[in-house]
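Participant: Sharing the record's features from TrEMBL:
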REGION    1-153  region 'Disordered'
COMPBIAS  21-51  compositional bias 'Polar residues'
COMPBIAS  117-129  compositional bias 'Acidic residues'
COMPBIAS  141-151  compositional bias 'Acidic residues'
REPEAT    165-206  repeat 'WD'
REPEAT    266-308  repeat 'WD'
REPEAT    361-402  repeat 'WD'
REGION    533-562  region 'Disordered'
COMPBIAS  542-555  compositional bias 'Basic and acidic residues'
């Protein structure tokens, strides 16, 4: 016990298991409430009315608001016919048969009394919060009531609350939510992918995994498989990757030979990818587009070769990049957005090739950044750098149904999305340099082809990717700039389910005594050779001084002839030289002679008895003929 007390003395007083304080769910959602929740940009009247109603209505809970309300009743008691000991706790008493003023002033703890039957229902409805579509006004026709109610249901957009999934250091350019709505993937220009799990995430909104699919390449597209067990990652490199649900690499597609001119003869893409999408029905098929001017269909079970190569139709000879691609809902058609502004659609059928079934030249005046099919296969949406969003009828592609202007776009991943009922169109806008408006999320009515709402996402960051999840009924919008990036999740507690509602209500786990880990004490930190320092030179010198051989000073050379068996410097440093000089075998006379005279003294000997060059040419050597001097010329 003494040891336990000694260990316990090191813990701060804040450690230990404590009773968790229950935070009301209303206060949690109020913390994430947006300043403007209405479609027209004004604050919702229903939310304000609900907050005021909560202040006046007694709740049977022990929250701080209820305690303050009870304390106010105790401080200001009112006359009552019932004694303090008979205060009702639990369900309220039935109303008495007679009218009593004192009975109405009794303090009640619990649910409020039901209203009398003779009260008007309209007044009661005005005080209660409105959940769902509002009732049609009295006295109106049935057809008008139905149309007004339908329009109101269509525009029930979950915009009242907002959370931000942060973590990226640059703009978030890719977004993917699995079909169940439990996991969210976000890719950014900072070369990383972050994975979020709503079921395991708390109010801190932290990602459970971060990975870098391709070093030094931006993440441009993410797509879940139909079974949501794998996802496709497309980066700026020429090779797409497949990851499992937990972020582990399953494979990487092959890269083609960049020196082959014909793209159909290459095994894969030869330049950076631009977009990729998984087949909506088949979990073994994916589609990718690249800057090399081709679209390719792959089989995820074979990473070494593609199934089909699609070369778009071009007006001029050369290579034009394919900026985006998309499947239709049934996976029977492929749409490609070409860099020259054209839209081309191929139908997958037996014997199909690169010739497009639908070709729309000059659909946009600039590069296309996003394409989206409707579920009924009748409408195609396109987003472009020319600041427009166009709606096309696939049955008549010669003319555009509607073109929405003044939608700035500076990112090649800006997409367009549909609401779950496909009555609204969603797209994001980029922040311009001279504009005062920030990044917006614009919503348009598909039937009326008009603007419904503009939702402000960020005052300084551009909105790139957006999506509306059908099961969660929550809107996702990615935003960012050169220094930050995040995914904004818009929801409504009364309309949305799971997703953000789950993680926001889950408070971070508090530290307990079980989390304490004492740091181990290392008594011999330099025991391993890896952590040893270099040995000191001082001890080595002390050992060498004690050694008579190593500490012996070298003897200086002797001057003179030498003595005691040692040879002096003047007679040569080596014993052999000394002996030869003393015997007369070595005569150093070369320093006193003239080099020219020493060579010329062998001239006569070489002439009479040649040994090297002259005997070889003795028989063939011609006679030397010297020029005779002309005396006249010399005299002159």
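Backbone N, Cα and C define each Cβ position, glycine as well.
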Participant: Let me spell it out: take the repeat 'WD' (165-206), skip the flanking residues so only those 6+ beyond its ends count, and list any with a Cβ under 8 Å from a Cβ in it.
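Facilitator: Distal contacts: 212-224, 226, 228, 231, 233-235, 245, 247, 411, 413, 461-462, 464-467, 469, 471-472, 474, 476, 478-489, 498-500, 502-509.
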Participant: Mind checking how the repeat 'WD' (361-402) divides into helix, strand and coil residues in DSSP?
Facilitator: 0 helix, 19 strand, 23 coil
Participant: Across the repeat 'WD' (266-308), what is the average pLDDT of the model, as a whole number?
Facilitator: 91
Participant: From the DSSP assignment alone, can you count helix, strand and coil residues within the compositional bias 'Basic and acidic residues' (542-555)?
Facilitator: 5 helix, 0 strand, 9 coil
